[in-house]
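Listed features, source TrEMBL:
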BINDING   N85, Y88, E89, C143, T178, N226, R231, S242, A243, K244  Mo-molybdopterin binding site
DOMAIN    105-260  domain 'Oxidoreductase molybdopterin-binding'
Amino acid sequence: MLIKRQAEGIDLPQGSEITPRAVFESRRSFIRQMALGSIASGALLPFSQNAQAQEGGGQKLAARPNTAFVAMDKQTAYKDATSYNNFYEFGTDKADPAKHAGTLKTRPWTVAIEGEVKKPMTLDLDSLMKMAPLEERIYRLRCVEGWSMVIPWIGFSLSELIKKVEPTGNAKYVEFITLNDKKQMPGVYEPILNWPYTEGLRMDEAMHPLALLTFGMYGEVLPNQNGAPVRIVLPWKYGFKSAKSLVKIRFVKEQPKTAWSLYAPQEYGFYSNVNPAVDHPRWSQASERRIGEDGFFNRKRKTLMYNGYTEVAPLYAGMDLKKFF
Ligand SMILES: Nc1nc2c(c(=O)[nH]1)N[C@H]1C(S)=C(S)[C@@H](COP(=O)(O)O)O[C@H]1N2
Ligand SMILES: [Mo]
């Protein structure tokens, strides 16, 4: 997230709009060669390229690939996905989470499921992970700041958990509450956000099969900087909705307050669906930079409605998406 303290231009997308002539020329020759077929297009080789995305040497986590949820884009390199992060509890620089999240103790860990449910429960991590079979799904994730990644996540649909706790008729929203512990998280000494970091979804959004309760990535358990030991991943929404290191999932009647909308309500709405037609008040959302692809030949790509996950459109039928941003 871009914090306003950093205003004065440095928080705007940098570099890629300015194209020196030499780069422009070589790009043209590159495009010509592409057209002649002498350079293979990465977009046509997702699997061979993806084999190079690699893993990190963490604890392995087995999962069955779910081919119904496979972004065909080239995967982000493991190294990039684990060294360029937003996790403000560990600092606001992109490199901070990888540097500082080593102090996060991810076991023992419990997640409390409470509120408007017939079966409230507090589960340890192993019981939570056994609620449904683990799947690998390759999702794009698009940060509100204008960059994106493509990551092979491991988890199962949040709906699997929701069905087991049996929400009551009063459950209209789900609130996600994350760990707030000064001893483990140096960033929470800074009063940037109203800790704990919280997020939320409307019930029908939470039940959408795309919403992934996530325990791993790249064949391994989640690295701490990516939200270990359990997070949510919502690929059609801006990245900040995908809350990391969850400790509580609460079913509620009213739309919950969320950390970023409390911080700047005019900038970060409750829905925060990826939408290239609705700009952030301080920058355009029409395009994005794919992390790891910002070399000479890569132009910014167009941001897609719902980040390309148009199957969620019925959830928002009839809503004014400028108003409910
Ligand atoms: N608890 C918590 N969750 C968080 C954040 C955070 O600061 N704290 N940052 C969010 C933002 S802005 C983004 S873009 C994604 C980044 O996830 P990644 O680092 O795994 O790519 O995590 C989201 N989840
Ligand atoms: Mo983000």
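Placement of Cβ uses the backbone N, Cα and C atoms for every residue, glycine included.
Caution: TrEMBL annotation is automatic and unverified by curators.
Sequence features annotated in TrEMBL and their locations in the structure.
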{"residue": "N85", "record": "Mo-molybdopterin binding site", "DSSP class": "coil"}
{"residue": "T178", "record": "Mo-molybdopterin binding site", "DSSP class": "strand"}
{"residue": "R231", "record": "Mo-molybdopterin binding site", "DSSP class": "strand"}
{"residue": "A243", "record": "Mo-molybdopterin binding site", "DSSP class": "coil"}
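Considering other CB atoms within 10 Å as the measure, the emptiest surroundings among the binding-site residues N85, T178 are those of T178. A C-beta separation below 8 Å, combined with a sequence spacing of at least six in one chain, links A243 (Mo-molybdopterin binding site) to F176, T178, Y197, T198, E199, G227, R231, I232.
As a whole number, the greatest separation of Cα atoms within the Mo-molybdopterin-binding residue list N85, Y88, E89, C143, T178, N226, R231, S242, A243, K244 is 19 Å. Taking all protein chains in view, 28 other C-beta atoms sit within 10 angstroms of the C-beta of E89 (Mo-molybdopterin binding site). Computed over the domain 'Oxidoreductase molybdopterin-binding' (105-260), the whole-number mean pLDDT of the model equals 98. All protein chains considered, the CB of R231 (Mo-molybdopterin binding site) has 23 other CB atoms within 10 Å.
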